[in-house]
Amino acid sequence: MKALVENLKATARETDATDIRAAFAADPNRFSRFSTALDDLLFDYSKCAVNDRIIDGLEALAKAAKVEEKRDAMFRGDIINITEERAVLHTALRNRSNRPVLVDGKNVVPDVNAVLEAMGRFADHVRSGDLKGATGKKITDVVNIGIGGSDLGPVMATLALAPFHDGPRLHFVSNVDGAHIADTLKLLDAETSLFIVASKTFTTIETMTNAATARAFIAGKLGEAAVGHHFAAVSTALDKVGAFGINAARVFGFWDWVGGRYSIWSAIGLPLMIAIGKENFGRFLDGGHSMDEHFRAAPLRQNIPVLLGLIGFYNRNVLGYPSRAILPYDQRLTRFPAYLQQLDMESNGKGVTLESQPVEFSTGPVVWGEPGTNGQHAFYQLIHQGTDIIPAEFMIAAKGHEKDLRHQHQLLIANCLAQSEALMKGRTLAEAKAQLTSKGMDEAKADKIAPHRVFTGNRPSLTIVYDQLDPFALGRLIALYEHRVFVEGALFNINSFDQWGVELGKELATGLLPVVEGRESAEGHDSSTTGLVAALLKAAR
């Protein structure tokens, strides 16, 4: 692998691969040669710093890393999460073909379908008004209490699919900061509110702290006997859920082969199903399944998740770019960059190989972004003229949902395409000076100002286009990026499905709580932590 990467570096230098502007000038068919499609989903990577020899080298890299074999092992249900000794089968949750999927010799598809049907019945009862609160009033507000994968996925998808909401209002509480739950409770009528507590173990400290506050809210307003009428849970810890006061009929489980950041397809997606209905949730699953089938069957050079992963690895380890910007030109995808941030950085932010050795490559990049056009008036300055090159990933729908605002969607499209073109083409010093003098500026001043208006160009980007953001399109888009993360993890030779980096801080926080509460001494902690605790305790008096 190391030799193949070094060969790619040499090829990039020899072929001037990073001169994207020259590549377009030399090849009028570059777009058609470096783009591919799955139905209405178009993937354009022609503005990336690639050429035929680079793609050849990346394909060889994929074969050397056994990407296809590792992919097949995942779909087969092999134990690929080696540190936790688990299969990785979020794909089984959206297996619309009902093709058997075996875990320890058992076909899990019937169990998946049974949970999906139970979710559908419950969602229907909430949406229709048949499920009522303790005082007989129908539910108007649903609050999901979770964190990490139990929050980001439902939040992101619920916002993204707002045009399909025909159920009760949705709210999401994640942060242990009491302000989050307090601000949410102010919006609610206890009699018409339903809380969904999403925690597989029912022990997640942030989630259970917020759940206890919500429980006290219901009990305080309606009495202790009302609690069971206003709560449901997504968990496998039936004993703890029962002790909390939630009836087993309102508990929806999922499996240890579903990681939190991949769990939107599971019962964690219950709030989304309540918002958009089980038929639309089914279309969401259909979209994910369609990308799964493409990922499984398409040749490497037409395989969109594989190409996306190879380009990501190439940008990181051949060209040395440390981050990537996720730029959806869709306001309803406002949380999609944050969702991908968790998906990518929690999966591939690792430093140890599958053989328990230090990795030989730079692993996951920093993933960040905001919707366009907002970002254009914030951080695009750095992307265009900063000293670091940041590959950009644009996404845009051909059609918006607001038919009477078609002119605004056209303006949105124009901005999206203009940004990718500007990143590639840039503006030379001569062009900048000519523009200034054409507006009447004298030569001396133009010579001074023009360097500030130079854009180097040759800044890589890719663009994903789809017809319209609907449940199918969103499911397909999420699955595309899930598989991209898988491909990059296979190239890094790491386990993309554990998250031990989350644990140390949690352990230390548990030990620090009695210190912060003033019940124990800070002795034994470093001087910075000791000093900070003292300052905070003094200020809080």
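Placed from the backbone N, Cα and C atoms, the Cβ positions cover glycine too.
Feature annotations, courtesy of Swiss-Prot:
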ACT_SITE  Glu346  active site, proton donor
ACT_SITE  His377  active site
ACT_SITE  Lys506  active site
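Sequence features annotated in Swiss-Prot and their locations in the structure.
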residue	record	contacts (Cβ under 8 Å, 6+ apart)
Glu346	active site, proton donor	Arg261, Gln499, Gly501, Val502
His377	active site	none
Lys506	active site	Ile205
For Lys506 (active site), what is the secondary structure by DSSP, using just helix, strand and coil?
-> helix
